Amino acid sequence: MMIVVGLGNPGRRYRGTRHNVGQDVARRLADRFRIRLEGDGRAAAGKARVGSATLVLAIPETYMNVSGQAVKDLLQRRRRRSEDLLVVHDDLDLTLGHLRLRPGNGAGGHNGVRSIIEELGTGAFSRLRIGIGRPPAGQDPAEFVLERFTSEERPKIDEAIERAAEAVVVAATEGLAAAMNRYNRRATGTPPAGTPNRNGTNSTQRLPPAGAPNQSGTSSNKRLLTP
């Protein structure tokens, strides 16, 4: 089982902002695998079978800086370890649209990740970072991350969200190392879908179209989080 947490701030006010790109990836996966995300005030979560793996998706309903509270509660309820966790989040230090998938390390200046480390007492969980670019000279980064992407940036970040969702599927079904090998590259260097690997399989795992049947499941929580 892999637990995938997409970080961001709650509420429609923050939808589509740079800081919420992790949530965008989680919603993309929920849509494609028809995973019903139900909330309990801490996090909205649901699960599905994806190939041979069980994928649990979660979006904290807490603010970014206290994301660790929701993640700790989620792991305890699912009786999982931090090593089963993959956190998807934005990154100011990566060029717009670039992806970096890594096993556990530090917070890298990200307050949501820092909160998770503090609550879990360990940094032993994986991260998928999505580049959102740097703010213009003189702009406060705290303001920049709460802005929405420009119309010129939107196509590139939409592509990055798609590739990030694909990377999550590969990590869950084939392992972290396989996903790192395929997706830790520049946005412009991603091979086209269908490019064969050394083992004869495709280089990317395109998500099925919306509405495709799957063995989806729901959590036992009570409140539905409307996408």
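Glycine too: its Cβ is placed from the backbone N, Cα and C atoms.
Database features (TrEMBL):
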ACT_SITE  His19  active site, proton acceptor
BINDING   Tyr14, Tyr63, Asn65, Asn111  tRNA binding site
COMPBIAS  196-206  compositional bias 'Polar residues'
COMPBIAS  213-227  compositional bias 'Polar residues'
REGION    184-227  region 'Disordered'
SITE      Asn9  site 'Discriminates between blocked and unblocked aminoacyl-tRNA'
SITE      Asp90  site 'Stabilizes the basic form of H active site to accept a proton'
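Of all the recorded positions in the record (Asn9, His19, Asp90), the one with the smallest CA separation from Asn65 (tRNA binding site) is Asn9. Contacts of Asn111 (tRNA binding site) defined by a Cβ separation under 8 A and a same-chain sequence distance of 6+ are given as Met64, Asn65, in order along the sequence. The number of other CB atoms found within 10 A of the CB of Asn9 (site 'Discriminates between blocked and unblocked aminoacyl-tRNA'), across every protein chain shown, is 21. When the recorded positions His19, Tyr63, Asp90 are compared by Cα distance to Asn9 (site 'Discriminates between blocked and unblocked aminoacyl-tRNA'), the shortest distance belongs to Tyr63. Fewest Cβ neighbours within 10 Å among the recorded positions His19, Tyr63, Asn65, Asp90: this applies to Asn65. Listed in chain order, the residues near the tRNA site other than Tyr14, Tyr63, Asn65, Asn111 are Gly8, Asn9, His19, Thr62, Met64, Val66, Ser67, Gly112, each with its Cβ within 8 Å of the site Cβ centroid. The Cβ of Tyr14 (tRNA binding site) lies under 8 Å from the Cβ of Gly8, Asn20, Leu146, each of which sits 6+ residues away along the same chain. When the alpha carbons of His19 (active site, proton acceptor) and Asp90 (site 'Stabilizes the basic form of H active site to accept a proton') are compared, the span between them is 6 angstrom.
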